[in-house]
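Below is the structure I would like to discuss, written out as structure tokens.
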Amino acid sequence: MGRLLGVGLLGDRWRSWGERLLALRNRLKASREVESVDLPNCHLIKGIEAGADDIDILPNGLAFFSVGLKCPGLHSFSPDKPGGILMMDLKKENPRALELRISRGFNLASFNPHGISTFIDSDDTVYLFVVNHPEFKNTVEIFKFEEEENSLLHLKTIKHELLPSVNDIIAVGPAHFYATNDHYFSDPFLKYLETYLNLHWANVVYYSPDEVKVVAEGFDAANGINISPDKKYIYVADILAHEIHVLEKHPNMNLTQLKVLKLDTLVDNLSIDPSSGDILVGCHPNGQKLFIYDPNNPPSSEVLRIQNILCEKPTVTTVYANNGSVLQGSSVASVYDRKLLIGTLYHRALYCEL
């Protein structure tokens, strides 16, 4: 009888594991294929060969790229080369990506940039916030951008127990930001278990020199984050839940959920079109291809435009889609004056004139 009970319990456990694996495949959209939506006047950006996970563009047309991200278990085309920050002047006729110099004293060898955000202070000082994973740890670096020298002056490294697995960031002050944690744990194995068990322990944290606090939680895997043009709302992408959350920002910097937009793709980073307030989303149509890399069946790319996200039925349009033959694993799309930049997790980056 004891053996029969043991076999029964083992069978239940295997059934539970099987159900969880099936659920994970569904969260990864493992069977989805994408139909191409091409754009004219596009070319790959020279000098970006191993990913440009995030892009942020200043009002004057200077675009910043975080390049060379490496994550445990994720493919890399340049595994031994440290990451960096590139800049492109979109006001120029034929813009090129140039790497910014970083001030002495900053550890360039372990630089592993992820999400980025800019903040312009009242005196026109430009700060660049960078999520960094040196040796796969979690920090936020604050730089001052020195335009005349094409350089970044490192000001501060931020570490905190409430920032265990930082993914993206939106700056709201010279030393103030909201950040997403895509996992509750920092250990790679515990992260895997957290994802496999679908625990929904990811969150959003507000950081200031005076206060650090969790302001939203219950996400499957909180990823991209941005702010509305009127600064009233925070947008958060939940990549494995295929959702964009709209959260209302309060004077004490707390957030309350206003609505959730469900999509049929894995939503990564979010950018705002400054001319319209529309949200541009870099997406992964098939997450399994992203994490299990096959050069003969590479991950595809998809960019969505979301108009009027606050209304009952926002308009969602596919701006660009590719099966991986041109661009693999799109993670971000940013626009400036009818010029579109599309970055990827670990592949190339695309420049298009709309």
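Glycine too: its Cβ is placed from the backbone N, Cα and C atoms.
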ASP54, ASP168 bind Ca(2+) 2 according to Swiss-Prot; which of ILE102, ILE116, ILE227 goes with them?
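Of ILE102, ILE116, ILE227, ILE116 joins ASP54, ASP168 in the Ca(2+) 2 site that Swiss-Prot records.
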Pick from ASN107, ASN112, ASN150, ASN167: which one does Swiss-Prot list with ASP53, ASN223, ASP268, ASN269 for the same Ca(2+) 1 site?
ASN167
Of ASN226, ASN323, which one does Swiss-Prot label N-linked glycosylation site?
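Going through ASN226, ASN323 one by one, Swiss-Prot annotates ASN323 as N-linked glycosylation site.
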Cα of ASN323 (N-linked glycosylation site) to Cα of CYS42 (disulfide bond): how many Å, rounded?
16
For the recorded Ca(2+) 2 site, whose residues are ASP54, ILE116, ASP168, find every other residue on that chain with a C-beta no more than 8 angstroms from the centre of their C-beta atoms, and list them by sequence position.
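Other same-chain residues near the Ca(2+) 2 site: ASP53, ILE55, ASP56, SER66, PRO113, HIS114, GLY115, SER117, VAL130, VAL131, ILE169, GLY224, ASN269, VAL332.
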May I ask for the distance between ASP168 (Ca(2+) 2 binding site) and ASN269 (Ca(2+) 1 binding site), taken between their Cα atoms and rounded to an integer number of Å?
8
Relative to the Cβ position of ASP168 (Ca(2+) 2 binding site), how many further Cβ atoms are located within 10 Å?
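Taking all protein chains shown, ASP168 (Ca(2+) 2 binding site) has 28 Cβ neighbours within 10 Å.
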Would you mind checking how many other C-beta atoms are within 10 angstroms of the C-beta on CYS352 (disulfide bond)?
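Its Cβ shell of radius 10 Å holds 20 other Cβ atoms.
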Beyond the listed site residues ASP53, ASN167, ASN223, ASP268, ASN269, identify every same-chain residue whose Cβ lies within 8 Å of the center of their Cβ atoms for the Ca(2+) 1 site.
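Output for this site, in sequence order: ASP54, HIS114, GLY115, ASP168, GLY224, ALA237, ILE239, GLY282, SER331, VAL332.
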Which of ASN167, ASN223, ASN254, ASN269, ASN323 (the recorded positions) has the most other Cβ atoms within 10 Å?
ASN269
